[in-house]
Structures are given as structure tokens and as C-alpha cells.
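Colleague: The following block contains the structure, expressed as C-alpha cells.
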Amino acid sequence: MRGKPRLVFLLSTICFELRLSSDKFIKSRKMHSANHWGGSLEIANNGDSTPEEYDRSRNLDWDKASINHQQQQQYNNYDQYSHRHNLDETQQSWLLGPPEKKKKKYIDLGCIVCSRKAFKYTIYGIIVAFLVIALPTIIAKTLPKHKTRPSPPDNYTLALHKALLFFNAQKSGKLPKNNGIPWRGDSGLQDGSKLTDVKGGLIGGYYDAGDNTKFHFPMSFAMTMLSWSVIEYEHKYRAIGEYDHVTDLIKWGTDYLLRTFNSTATKIDKFYSQVGGSLNNSRTPDDHYCWQRPEDMTYERPVQTANSGPDLAGEMAAALAAASIVFRDNTQYSRKLVKGAETLFAFARDFGKRTSYCRGNPYIEPFYNSTNYFDEFMWGSAWLYYATGNKTYISLATNPGLSKNSKAFFMIPDLSVLSWDNKLPAAMLLLTRMRIFLNPGYPYEEMLSSYHNVTSLTMCSYLQRYKVFNFTKGGLIQLNHGRGQPLQYVANAAFLASLFVDYMNATGVPGWNCGPNYISLDVLRRFATSQMNYILGDNPLKMSYVVGYGNKFPRHVHHRGASIPTGKTKYSCTGGWKWRDTSNPNPHNITGAMVGGPDKFDKFKDARKNFSYTEPTLAGNAGLVAALVSLTSSGGYGVDKNAIFSAVPPLYPMSPPPPPPWKP
């Protein structure tokens with residue numbers, strides 16, 4: 001195709017030359033035949049025609065690609081010959097005709113046809129895009145990655161990690177391999193072994209404090225508090241990697257509580273209220289007289305039986321019911337917990353068994369005496385309602401007789417202090433939660449509104465401006481009027497205050513009224529943080545009262561296991577006294593333990609014998625954990641509004657479906 005235009009040009013030139021000399025050319029032709037069409041068509045060679053012209057005429061239709069070198073030379077000679085004739089413009093126009101338009105070149109891509117130019121620019125664009133976008137991305141992906149460091153955890157998170165370890169150190173029974181406390185081992189493996197109605201005995205649970213007694217009353221309260229904190233702040237526990245840990249701690253406690261009564265029955269006539277213990281001023285080897293590690297106990301550990309006990313049964317029911325919400329995804333275990341809670345609460349409500357579990361019992365009454373049981377009725381029924389959705393329990397919790405007997409509306413300052421003995425402020429806050437988030441209306445609104453009002457006043461009582469409670473010069477609230485071991489009450493109050501703030505924030509309410517004064521939620525939050533900061537070291541002594549947190553913390557904790565070295569030597573009941581009486585620091589730090597705390601003058605005696613200063617407790621540390629997780633910013637702020645209501649059915653009947661469309 002490339003040689004065709006040139007052949008056309010050559011042919012046109014020849015025709016033009018022949019026209020100019022047509023007369024001479026015609027005369028020179030010789031016809032070799034007589035007829036018009038026959039004979040030879042050979043053109044005679046005269047002097048006016050050249051051999052080159054003849055040769056050219058023979059090769060006009062050849063493909064130029066097949067022309068050899070000699071023939072190409074002939075074309076070049078013809079070009080020289082043709083230029084000897086000077087053509088004017090008219091003649092050139094005759095010869096050349098109109099200028100030929102340059103044809104666009106296209107590329108067939110199969111599915112689309114595009115011009116070469118567009119294709120070329122597209123390729124260029126792809127290359128540029130690759131260099132500008134793809135290449136830097138590839139380089140960035142292949143270079144070593146430097147991960148952005150997450151923001152460091154706040155002080156509350158750091159303290160929380162340690163506070164949970166205290167419960168590992170308090171475990172009784174056969175310990176799991178991942179318990180994480182190297183100086184603790186299996187202990188109490190003979191607890192309850194003489195009981196004929198308990199398969200496997202009463203192995204497990206937690207030691208209460210620095211002694212080796214398993215007090216079920218404060219232990220149950222501790223499990224309820226831990227469960228409550230998980231229900232409200234599961235997202236925070238997960239964010240700091242402690243969710244599995246804290247739920248394992250709860251299950252360790254609830255598994256043990258299920259052993260203390262016939263949990264498969266619907267009705268019981270007794271349960272076990274304590275393992276171990278001591279008598280005041282006794283010289284008989286027991287948990288107080290002896291100073292031994294739990295692993296080395298050789299003395300008798302009596303089991304206390306309760307044939308009545310609405311207070312302890314109510315608290316145990318609350319613990320199992322709250323835990324059933326924590327383990328709601330484990331359907332089988334959750335149902336087992338609910339069944340046990342209902343059995344225990346039925347025992348607690350039995351009118352013929354209304355004597356306190358500890359009355360007249362010298363192993364319990366001097367240590368964990370219960371002053372009332374109507375607060376446990378309110379507390380337990382609230383938790384059972386959330387665990388089951390059974391309206392019988394919420395009807396009891398909002399019964400006017402219950403609030404009257406518990407003195408809920410008497411506005412007695414001491415009744416606004418949460419403790420292992422008094423659950424009233426926690427129970428009313430728990431029921432206030434229902435009003436805030438579910439707004440159930442009639443017939444519960446009147447009582448729930450009253451609980452809400454009293455809860456608001458309880459929060460007011462924590463503020464220093466109202467002078468309901470004294471504060472030390474260092475800023476610590478004196479909820480137990482300057483008596484020993486104040487920090488457990490402070491931690492509980494910080495938790496309730498922080499939780500109340502989160503409830504209000506969840507509904508978009510910025511504050512509440514204390515009499516004629518409007519109080520911003522920030523004021524109450526500052527109270528909670530100030531008390532926790534005091535416990536963690538922001539105090540006149542600059543001492544952290546949580547062991548292992550900070551640089552300065554108690555080193556002489558009143559704790560048998562932490563104060564005696566581990567090794568092959570097993571010290572006898574009185575042989576361990578030398579470790580009790582030494583002025584040397586404990587060989588083991590019981591990490592995470594919150595000790596009793598300072599006195600009302602902000603003074604603290606770091607001495608093992610001064611147990612009111614240096615002894616930690618299970619119930620106190622549960623409040624510490626709850627307060628810390630409520631205040632930490634790890635995992636975000638706020639509560640889980642709905643998890644606690646997972647078993648609660650709709651309070652109002654569902655709207656009926658619309659009637660079918662009318663048909664004629």
C-alpha cells in the first residue's frame with residue numbers, strides 16, 4: 001500500500017508527457033494487424049522514446065516492496081528525467097490534483113477502537129499516575145513500618161491492672177497454672193471435707209483479708225460489685241485486655257458460692273456461711289491466732305452453717321443474679337446462676353427464717369455483723385429482676401413496706417455510705433437506673449422517683465460544701481467518722497458518684513439539684529477523681545495506698561502469705577510470729593492490695609501489727625476495682641445502657657398488627 005501513491009504519480013506523469021507529444025507518438029505507432037482490434041500492440045521504438053520509459057510502463061503495477069535494487073535505480077533516473085520538464089502551476093494542478101488529507105491512524109483493541117494519539121496519551125497518563133500515586137504507595141508499603149504508639153494508659157488503668165491481681169493472691173483451693181502469683185500455691189484442699197451433703201467439700205473461693213478465713217458475706221458482696229462493674233463497663237475491660245481476667249475472678253467466686261448450698265434444689269433449709277475463722281482472745285490454733293501461709297495450715301477449719309439468714313442469702317442471691325448477666329452468653333451457666341439466685345432469695349424471704357445469719361455466732365458476729373436485711377431484700381430483688389425479667393421482683397423492690405423497713409427515706413447520713421453491710425445507696429441507684437433508661441411509669445414510677453430523689457441527695461452528701469461528712473486536711477472524706485480502714489468506704493462512694501454521673505450523661509442531663517442549688521456533673525466527677533487520686537498518692541504523705549502502684553507504698557502489709565518467705569521451711573502456728581513481728585518489709589509485695597488507709601489526720605503507720613492501717617480486704621478491693629474502671633478513659637467514657645436489661649421484657653404491650661386491608 002505504501003508504493004501505490006508513487007505508482008499513481010508516475011502513471012500520471014507518463015500520461016501527461018504522452019499528451020504533449022501525442023501527434024508524434026501516434027504517428028510512430030505501427031500496427032501489425034489489418035483488423036481494428038487484432039495484431040500486435042507493440043509500440044515501435046523510435047528516437048523519441050527512451051528505454052527507461054518502456055521499462056517503467058512494464059512495472060507500474062508491481063509492489064514496490066518486490067522491486068529490486070536495479071529497478072529502484074530506474075525510478076530514481078525517471079525522477080531526474082521528469083524534473084527536466086518545467087511545469088507551470090496549472091500543469092502541476094492537473095498532475096497532482098487536490099492535496100491528499102492525512103488519514104488518522106487507529107488501533108483496534110478488540111473491544112474498542114481508538115486513535116493512536118488518544119491511545120498514546122492514555123498510556124502516558126497511566127505511566128504518570130503510576131509514578132505519582134502507585135509507586136510512592138508501593139515504596140511506602142515495602143519500607144519498614146513504624147507503628148504509631150498508642151496514647152499511654154491513664155493512672156487509673158495502670159492501677160486497675162494491679163488491683164485485679166489482688167484477687168489472684170486471695171484465691172483458695174487448687175490454683176490454675178496462670179494464676180500469676182509465684183508465692184502462692186494450692187491451699188485449703190480439706191475445707192468442708194467432712195460435710196456429707198457437699199460433694200467435693202467447700203474447696204475454692206477467696207480468703208477475706210490478711211487472715212485465712214473465707215467469710216461468705218463480704219465475699220458475695222465483692223462478687224456483686226465486680227459483676228456490676230463488668231456489666232456497666234465491659235467495653236473498658238475489653239479495651240485494656242482485662243475482660244477475661246475479671247470474668248475469671250467472678251466465676252472463681254460464684255463457682256464456690258454455688259457449692260455452699262444445694263443449688264439444684266428449688267427450696268433449701270440451710271446453707272454454709274463461713275469456712276475457718278477464730279474466736280477472740282482464744283489460744284486455740286485458728287486463722288487469727290496462727291500466723292501461717294495458707295499453704296501451710298494444719299489446724300482445724302470449722303464450717304459455719306446458717307439455718308436462717310435473710311441478709312447473707314439475699315447478698316448471695318444478688319451476687320449470683322448479677323453474675324448471670326455477666327455470663328449471659330454462656331446460657332447453661334447463666335441459667336444455673338439464676339436458679340441458684342432464686343433458690344437463695346426464696347430462702348431469704350421465708351418469714352420463719354428472718355434471723356440474721358451471724359446472730360449469736362462468735363466466729364462471725366465480731367467481724368462481719370449484719371445490722372439489717374431489708375437493704376439486701378431491695379438489692380437482691382433489683383438484681384433478680386434484671387436477671388430474670390420477673391415482675392415479682394421489681395414489685396418487691398418498689399414495695400413501700402420495703403423502703404420503710406430499710407429506712408430508705410430517713411436521710412440518715414450513715415445509710416448513704418455503701419459497704420458490705422449497707423447496700424441501700426447502691427440498691428437505690430440501681431433502681432434509679434431503671435427509671436432513667438426505661439421510664440416504666442405506673443405502678444413503679446412513684447417509688448422509683450423517690451429512690452431517684454434520695455440518690456440525688458446521697459450524691460449531694462458527698463460534696464464538701466454541704467458538710468454532711470468531715471474531710472481530712474488532705475481532702476479525704478470521712479465516711480466512717482475517722483474510724484479505722486476508711487478507704488473501702490471511700491472507694492465505694494467514688495464508684496457510686498462516677499456511675500451516677502455516667503447515668504446522667506447518658507441521658508443528656510448536665511446536672512442535678514441539691515436543694516435550691518444546681519450542681520454540675522463535673523463537680524461530682526471531681527469528687528470521685530479527687531478521692532481516687534488521694535488513694536493513689538495525691539495526699540500529704542505522697543504515699544500510694546495500693547501496693548505496687550507508684551514508688552512509695554506500704555511494705556509491711558498485714559497479710560500472712562505475703563509476710564512469710566516461700567521455700568521448703570514450713571512455719572508452725574506460732575513459729576510464724578517472728579514474721580508477723582519483724583520490722584523488715586514483707587518478702588512479697590501483694591500487688592494491687594488497697595490497705596486500710598490513713599487516720600483522720602492523714603497519718604499512716606506502715607506496721608504489720610496495725611491492721612487497721614495495713615490490712616487489705618476483699619470487699620474494699622472490689623470497690624477499688626469498680627471505681628478505677630468507672631474513671632479510666634481507656635475504652636472511652638460512658639456505660640453500657642442496655643446489657644443489664646437483656647432479660648427484661650418490654651414493659652408495655654406491643655402494638656397489635658394493623659388490620660388487613662378491606663376488601664369489597
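Cβ atoms are placed via backbone N, Cα and C, with glycine included.
Remember, predicted model here, so these are calculated numbers, not experimental data.
Here's the feature list from TrEMBL:
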ACT_SITE  H558  active site
ACT_SITE  D606  active site
ACT_SITE  E615  active site
DOMAIN    156-628  domain 'Glycoside hydrolase family 9'
TRANSMEM  121-140  transmembrane segment
Colleague: Between the Cα atoms of D606 (active site) and H558 (active site), what distance do you get, rounded to the nearest Å?
Modeller: 9
Colleague: Roughly how many Å lie between the Cα atoms of E615 (active site) and H558 (active site), rounded to a whole value?
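Modeller: Per the Cα atoms, E615 (active site) and H558 (active site) stand 5 Å apart.
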Colleague: Return the count of C-beta atoms lying within 10 angstroms of the C-beta of D606 (active site), excluding that atom itself.
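Modeller: The answer is 17.
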Colleague: Including all protein chains shown, what's the count of other C-beta atoms within 10 A of the C-beta of H558 (active site)?
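Modeller: Around H558 (active site), other Cβ atoms within 10 Å: 25.
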Colleague: By a simple count, how many Cβ atoms lie within 10 Å of the Cβ of E615 (active site), its own Cβ left out?
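Modeller: If we count other Cβ atoms within 10 Å of E615 (active site), we arrive at 21.
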